[in-house]
Ligand code: ASP
């Protein structure tokens, strides 16, 4: 029988609706002891590590979850790990773990869009599916996975796309890599491997700024100080910014702050296509790192992990830009 470690961290999956219809955290996790769903097929170990809603999760919390999983890999006999998490920042924690854990046992992150006592609650179902995926032999070596609503996504590319719908987690461009059927995980595609960074601390001061029509340099000037370690810009379209922002961006570069460029578009990659003021060609020449295929919040996690691994210069640029191969 396989042994799966379930690490609970909070979120709607651990919450309930009160008499007024408000969704609130519980003292006792309503799904933590649900051995009944596994019909004696899995040995489930439970660790109620945190009880945090997503907006309270920080890179320090992500690092603690990573360290907990490392302990289990090194010291306990566990065949897989399931993490329950709030859905708002689930993709960031999942990707942080993907970048920092060795790819040895399945690690699966799940959550819920409806709390434990709401009609159509999806928490217990997603939890059961996540355990099934973590206990499936084919799940080895696939990187950190996100299981929600019968689909298996990679932590690297999945994103939350709807505020309330249970079909919120999507992988733009590629789709899920597998599905969960009645009793097992079935895979249809897999990712090319990328580099893992075994970090033991996380740096502060890595920012994310979204470009918009008519933007000027104010937001960039506001973070031009010694505490800033890195910046991700969600650029327009294929990777362009309004020209009025350029002097402020140049000041950040002059202060040796690494800047990563992604697109604010839901699909596609940032590229050096346009040769006008503020176009991708100029941004690349200025020294911005074009990151392929990650959204802003994921690129920020990757930059933060790279900086926490003491990468700099060309080494950092190659780590961050290389999301696909
Ligand atoms: N706001 C909640 C959270 O992320 C949403 C959820 O868990 O689905 O903690």
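From the backbone N, Cα and C atoms, a Cβ is placed for every residue, glycine too.
Curation plays no part in TrEMBL annotations; they are all automatic predictions.
Here the structure is a predicted model, which means the values were calculated and not measured.
TrEMBL lists 87, 88 as binding substrate, and of 16, 54, 139 the one it places in that same site is 54. Neighbour counts of Cβ atoms within 10 Å were taken for the recorded positions 12, 54; the minimum is at 54.
The substrate site, placed at the center of the C-beta atoms of 54, 87, 88, has further neighbours from the same chain whose C-beta lies within 8 angstroms: 11, 12, 53, 55, 85, 86, 89, 90, 111, 160. The helix, strand and coil residue counts that DSSP assigns across the domain 'Asparaginase/glutaminase C-terminal' (206-314) are 39 helix, 20 strand, 50 coil. DSSP assigns residue 88 (substrate binding site) to coil in the three-state reduction, placing it in neither a helix nor a strand.
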